[in-house]
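A.B. asks: Got a structure for you, written out below as structure tokens; questions coming shortly.
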Amino acid sequence: MVCNDSRSSGQEARLIYAVTLPLSTAIMLANLPIILGIAYSRQLRNPPGYFYLSLLLADVGMGVALPFIPWMALGRALRFSACLLVHVFPNFLFLAFVSNLLLVHYDRYASIASPLHRARSWLYRRHCLTLLAAWLLPLLFALMPAFGWNGREERGTNTTAPVFPTAFIYLEVYGLLVPAILAIAVMTGRVLWITRGQLRGIQRLERAVGDAGRHRRLELRYARCVAAVTLAFLACWMPYMVYMHVCMAFLHRRGEQGNTRAHTVLLCTGIAGMASVPLLLGLANKDYTDAARRLMGKLWHRRTREDDTGGGTRYVSLSHRLF
């Protein structure tokens, strides 16, 4: 991740924009109805709603940063201050997204693992501070290169100095990203395990009343749930994990350059998979989708009512002119 004097070709630029701009637009537009629905609904003005709303805003930030992220690994002729900006800002939005995603997963895990103690926890009683930490801590970490942790001192005032040193990249990947992804996987697995235990209790009651058909339906429903969660996790996280380890392998082999097209496709696929996680979490909760549906329905009815009123007004004025 170096800002040097070698200019990317026009073909690389066209490929990056052709892949990233449609994905960026789709990410932002897909989150907009749910954001408006949560902001409009009074029933969702609670800590879980605020946590999820913050995640959706971070997801929109991911959509904004997506066209800039592929350029972080390509050489461009930039001044060092501009190079810091185009590296630090997308990195901050990416880390804020991961932080908010981890917060929402922990909130859902706590609601199942300890539902009685969740409302009394510091996470809920001080949810404003929790949200502030979810944004402020990624910002402080992303600003470390601007505070001096960069490779500029090694080459004097040369603008070709690396913005992200190797130690910084290793710390971000294996100190922040990998533990966050593993924590999300562990919490998801723990929720499925708790659900399995609750299902066994329900099945014992069903066997006591002799309802074998319902017992089999519950088993099938749980199996579908496990399969859906597993496939969703693999589809959303596996492309980015592959891309991340490929990049770390090239970073370990200094001097080697990867395929720009493969880099762009892997990165955009991984980012798009991660950005779809908040939407899947929203689709799994009917409160969020119903709020967005009600808001869109009200806006549609208001628009049609205004069109009907406007048409009737034009008809009346025209009739006065004729008669």
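Just so you know, glycine gets a Cβ as well, placed from its N, Cα and C.
Quick paste of what TrEMBL says about this protein:
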- 15-38: transmembrane segment (TRANSMEM)
- 30-281: domain 'G-protein coupled receptors family 1 profile' (DOMAIN)
- 50-72: transmembrane segment (TRANSMEM)
- 84-106: transmembrane segment (TRANSMEM)
- 127-147: transmembrane segment (TRANSMEM)
- 167-193: transmembrane segment (TRANSMEM)
- 222-242: transmembrane segment (TRANSMEM)
- 262-284: transmembrane segment (TRANSMEM)
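Context for these features, please: burial, neighbours, distances.
C.D. replies: Remote same-chain partners of the transmembrane segment (15-38), defined as residues 6 or more beyond its termini with a Cβ less than 8 Å from a stretch Cβ, comprise 44, 49, 52-53, 56-57, 59-60, 62-64, 66-67, 69-71, 260-261, 264-265, 268, 271-272, 275, 278-279, 282, 288-296.
Only residues 6 or more beyond the boundaries of the transmembrane segment (84-106), in the same chain, are considered here, and those with a CB under 8 A from a CB of the stretch are 1, 3, 51-52, 54-55, 58-59, 61-62, 64-65, 68-69, 71-72, 78, 123, 130-131, 134-135, 137-139, 141-143, 145-146, 150, 163-164, 172, 176-177, 180, 183-184, 187-188, 274-275, 277-278, 281.
Long-range contacts of the transmembrane segment (127-147) within the same chain, counting only residues at least 6 positions beyond its ends with a Cβ under 8 Å from a Cβ of the stretch, are 47, 50-51, 54, 84, 87-89, 91-92, 95-96, 98-100, 103, 163-165, 168, 172, 176.
Nonlocal intrachain contacts for the transmembrane segment (222-242), taken as residues 6+ away from its ends with a CB within less than 8 angstroms of a stretch CB, comprise 181, 184-185, 188, 192, 195-196, 199, 266, 269-271, 273-274, 276-277, 280.
Within the same chain, residues 12, 15-16, 19-20, 23, 27, 30-31, 34, 52, 55-56, 59, 62-63, 66, 69-70, 73, 97, 101, 104, 108, 232, 235-244, 246-247 sit at least 6 positions outside the transmembrane segment (262-284) and bring their C-beta atoms closer than 8 Å to a C-beta of that stretch.
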A.B. asks: Mean pLDDT over the domain 'G-protein coupled receptors family 1 profile' (30-281): what is the value?
C.D. replies: 80
